[in-house]
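**Q** Taken from Swiss-Prot, the feature active site applies to Thr12, supported by sequence analysis. Residues annotated as Na(+) binding site in Swiss-Prot, with sequence analysis given as evidence: Ser168, Cys171, Thr174.
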Amino acid sequence: MAEDQFPGWHGTTIIGVRKGDEVVVAGDGQVSLGQTVIKGSARKVRRLSPGGYDVVAGFAGSTADAFTLLERLEAKLEATPGQLQRASVELAKDWRTDKYLQKLEAMLIVTDGKDLYVITGAGDVLEPEHDVAAIGSGGNFALAAARGMMDSDRDAETVARDAMAIASDICVYTNGNLTVERIGK
């Protein structure tokens, strides 16, 4: 998330790790305005259950915008039960083409325990090549750290937590107060 994209507001780090039979999404709790930490315990990872279909989503960017997108994703999942990819593509298409949604400033990581995607306002639905996705100001740090741990005997949650710890040590807009959600295949 670039500084010019969200003037004055900085950061968060969200990571999704798929390893073995589980996927973990973790996010830090820091919200900053300029050089000031406004809140240290924000919850940016959520469990959704549209129609009994379990999905975990993490977001970076404007909270209100992210909630709008999560509501839209839930509606897409209710319309296409059990089809996260299709619902994600439909959300990305709407986000890209709808004049109201185009103004929303957020990114999402979503998983159903099988698939893992990053959804952007540019219309992208990206599936990571190496079973790790990360977004936000500390996303590149967390991504690099997690990729370095994927061949170890650590489970998905340990990889996510350790990668977030590294990101929070490097990125001043990321803290170590984590929300972690696990979901199995």
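Keep in mind that glycine also has a Cβ here, set from the backbone N, Cα and C atoms.
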**Q** Which of these recorded positions has the least crowded Cβ, counting other Cβ atoms within 10 Å: Thr12, Ser168, Thr174?
**A** Ser168
**Q** Measuring Cα to Cα, how many angstrom lie between Cys171 (Na(+) binding site) and the residue listed as 'active site'?
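**A** About 9 Å separate the Cα atoms of these two residues.
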**Q** Rounded to a whole number, how many Å is the Cα of Thr12 (active site) away from the Cα of Thr174 (Na(+) binding site)?
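**A** That comes out at 5 Å between the alpha carbons.
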**Q** Run through the Cβ atoms and count how many others sit within 10 Å of the one on Cys171 (Na(+) binding site).
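**A** 22, counting other Cβ atoms within 10 Å of Cys171 (Na(+) binding site).
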